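Student: One structure coming up, written as structure tokens, with questions to follow.
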Amino acid sequence: MSFDLIIKNGTVILENEARVVDIAVKGGKIAAIGQDLGDAKEVMDASGLVVSPGMVDAHTHISEPGRSHWEGYETGTRAAAKGGITTMIEMPLNQLPATVDRASIELKFDAAKGKLTIDAAQLGGLVSYNIDRLHELDEVGVVGFKCFVATCGDRGIDNDFRDVNDWQFFKGAQKLGELGQPVLVHCENALICDALGEEAKSEGRVTAHDYVASRPVFTEVEAIRRVLYLAKVAGCRLHICHISSPEGVEEVTRARQEGQDVTCESCPHYFVLDTDQFEEIGTLAKCSPPIRDLENQKGMWEKLFNGEIDCLVSDHSPCPPEMKAGNIMEAWGGIAGLQNCMDVMFDEAVQKRGMSLPMFGKLMATNAADIFGLQQKGRIAPGKDADFVFIQPNSSYVLTNDDLEYRHKVSPYVGRTIGARITKTILRGDVIYDIEQGFPVAPKGQFILKHQQ
């Protein structure tokens with residue numbers, strides 16, 4: 001049998017092992033894994049490289065339509081490809097209108113035409129004003145629904161995203177349980193965080209340490225406990241977004257041990273940055289939940305290695321530079337991290353701390369694909385989409401602004417020495433990024449809809 005592509009001599013991350021083996025691709029799918037696979041139109045030599053499943057980033061904000069001056073499909077998905085991401089799950093907020101019904105998601109599909117370098121699945125929004133329309137998004141094919149129990153959205157814009165109160169969350173979770181859809185939650189206590197923030201600003205406490213103190217760990221833990229119980233009563237599968245504290249992870253672990261259907265994610269910035277670094281970097285490292293102290297970070301690494309965190313995500317949430325101006329308490333909260341999830345975490349988790357390659361593959365790709373039902377993604381296995389990233393270990397570089405593909409070339413990682421490099425990203429058998437050639441093909445990304453897999 002002749003194949004379209006054979007990748008030879010790489011250390012391939014399989015589900016339960018990593019070994020030097022060849023991969024054959026035909027028609028955009030993985031056709032065979034083994035040795036002496038035969039002939040192919042193209043042969044790639046991956047000697048000395050790690051071949052990982054392409055990252056499935058389950059938490060990405062692309063602000064198009066409506067706020068394309070923040071980030072757009074063209075720049076955002078190119079950055080993703082350069083960073084080894086082959087599939088993103090896009091959040092329903094930051095764009096205008098927010099993705100809360102059939103009409104708004106169709107606008108998003110139109111805005112992305114011809115611009116997707118990678119594949120993209122969609123989340124719908126659960127907001128205060130759309131509980132009677134959740135079924136529309138399910139029918140279109142979203143893979144989950146995101147909501148906030150922390151304050152969010154611009155109250156001066158009618159079609160912006162909105163947080164939910166406990167009653168709205170409960171009613172929405174009941175409906176999503178009936179639809180068989182998971183609810184994803186940003187967990188911070190809205191009233192307490194808002195009050196602590198206002199108190200700090202009124203007293204002139206506007207440093208990074210002050211911001212972190214205004215969103216203490218207990219506000220995350222309380223919100224996690226609350227939504228765990230409400231989702232359990234409502235009969236809805238739950239996913240906790242961007243957990244920032246080991247205490248928060250412990251709540252999820254406890255609920256799982258009691259039989260609840262719950263998963264969780266965290267982000268690289270909670271493992272590689274701390275509050276002192278946040279103070280040095282400034283507003284580019286502001287996010288919520290916030291980047292906490294070094295002791296908290298050590299606890300997060302322990303939870304990650306224990307297998308208590310299901311997946312790692314970027315929570316890429318950029319904005320125009322002027323929204324990052326001024327003091328930390330007033331600046332927009334969101335980190336541009338899409339391009340540096342894979343290389344930073346390979347360096348920090350695998351090279352510096354000894355994480356196994358199969359565990360790395362699960363955290364970056366496999367588990368997210370499983371959680372959100374992306375049946376063709378997340379694994380190097382026969383029959384799956386031929387999505388790969390080539391990683392060059394022990395190859396250090398210093399990240400510069402010019403390296404970034406974002407609309408706004410800023411990131412809290414600029415200036416960081418990263419000890420691994422993404423050298424090639426392959427989507428459904430085609431090279432979409434190469435460290436020497438850049439982006440050699442026209443955008444070929446597709447939207448992944450739940451009911452069309």
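Cβ atoms are placed via backbone N, Cα and C, with glycine included.
Below are the features listed in Swiss-Prot for this protein:
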- H59, H61, K146, D315: Zn(2+) 1 binding site (BINDING)
- K146, H186, H242: Zn(2+) 2 binding site (BINDING)
- K146: N6-carboxylysine (MOD_RES)
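What's the neighbourhood like for each of these?
Tutor: According to DSSP, H59 (Zn(2+) 1 binding site) sits within a strand segment.
H242 (Zn(2+) 2 binding site) falls within neither a helix nor a strand when secondary structure is assigned with DSSP, and so counts as coil.
Within the same chain, residues at least six positions away from K146 (Zn(2+) 1 binding site) with a Cβ under 8 Å of its Cβ are M91, P92, L93, L123, G124, G125, L126, V183, L184, V185, H186, C241.
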Student: How big is the Cα-to-Cα gap, in Å, between H59 (Zn(2+) 1 binding site) and H242 (Zn(2+) 2 binding site)?
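Tutor: Checking the Cα atoms of H59 (Zn(2+) 1 binding site) and H242 (Zn(2+) 2 binding site) gives a distance of 9 Å.
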Student: How far is it from H242 (Zn(2+) 2 binding site) to H61 (Zn(2+) 1 binding site), counting Cα to Cα, in Å?
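Tutor: One finds 13 Å between the Cα atoms of these residues.
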